[in-house]
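See below for the structure under consideration.
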Amino acid sequence: MIEFRNVSKVYPNGTKGLNNINLKIQKGEFVVMVGLSGAGKSTLLRSVNRLHEITEGEIMIEGESITAAKGKGLRRMRRDIGMIFQSFNLVKRSTVLKNVLAGRVGYHSTLRTTLGLFPKEDLELAFQSLKRVNILEKAYARADELSGGQQQRVSIARALAQEAKIILADEPVASLDPLTTKQVLEDLKKINEDFGITTIVNLHSIDLARQYATRIIGLHAGEIVFDGLVEEATDEKFAEIYGDVVQKSELLEVAVK
């Protein structure tokens, strides 16, 4: 379980990114967070693995505080958290296989991984992960030779090879076309269902949130304004999430982007 206890984040310029967040996400959930740009979605997501440090409060993972973790303890906890970015975050000139093996770095010494000395078991796991997202044939291609959708699937394979217990996906389909968006989200959903990996995804699209989430969390101005099941996420609720200035026609526009 991931638990946020009175979590707040204030940026150096005084902007409040998160305001007293209290939230529990159970193991194996597929949670989609929605809200306007600047609502706090990325800040909340990235605070889980401390890519963003919080100002107040505490974040617990399986009963252990990642907020207080340091050194080896922090590295161990981060090893269980896979991160998927909008920009893919791949080494463009490296092969797909090497990018996936990057998910194993946390399990070995720095010298060993710098020299590319991964055991046979890691290689087998990397190939299995690529096969899982239907991109095994690209194992020896350079990452920059792949389409955006293929690169994002490599990112998912990297998280699988990492044997992550939690996957955080920050706007993973924002730059993808509708067909590729569907493929990437279906990959994430199937992995969630098959392996019980807790998955948190940030999305702008209302339709996609309703289609893939088991639970939707809406943020507005750094606060949770909705937290419920998909069937509870009515148009009226989405209007609250996106603010009074957003009319129904604009909500529909957001949904199809």
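Glycine too: its Cβ is placed from the backbone N, Cα and C atoms.
Here's what Swiss-Prot has on this protein:
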- 2-246: domain 'ABC transporter' (DOMAIN)
- Gly35, Leu36, Ser37, Gly38, Ala39, Gly40, Lys41, Ser42: ATP binding site (BINDING)
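The 10 Å shell around the Cβ of Gly40 (ATP binding site) contains 23 further Cβ atoms across the protein chains shown. One residue stands out among the binding-site residues Gly35, Gly38 for having the most other Cβ atoms within 10 Å of its Cβ: Gly35.
Here Ala39 (ATP binding site) comes close to Leu219, His220, Ala221, Gly222: these same-chain residues lie at least six apart in sequence, with C-beta atoms under 8 angstroms from its C-beta. Figure note: comparing Cβ neighbours within 10 Å for the binding-site residues Ser37, Ser42, the maximum is reached by Ser42. Using the Cβ center of Gly35, Leu36, Ser37, Gly38, Ala39, Gly40, Lys41, Ser42 for ATP, the list of other same-chain residues with Cβ within 8 Å runs, in sequence order, Thr43, Leu219. In this structure, the binding-site residues under consideration are Leu36, Lys41, and the one with the smallest number of other Cβ atoms within 10 Å of its Cβ is Leu36. For the domain 'ABC transporter' (2-246), the model's average pLDDT works out to 92.
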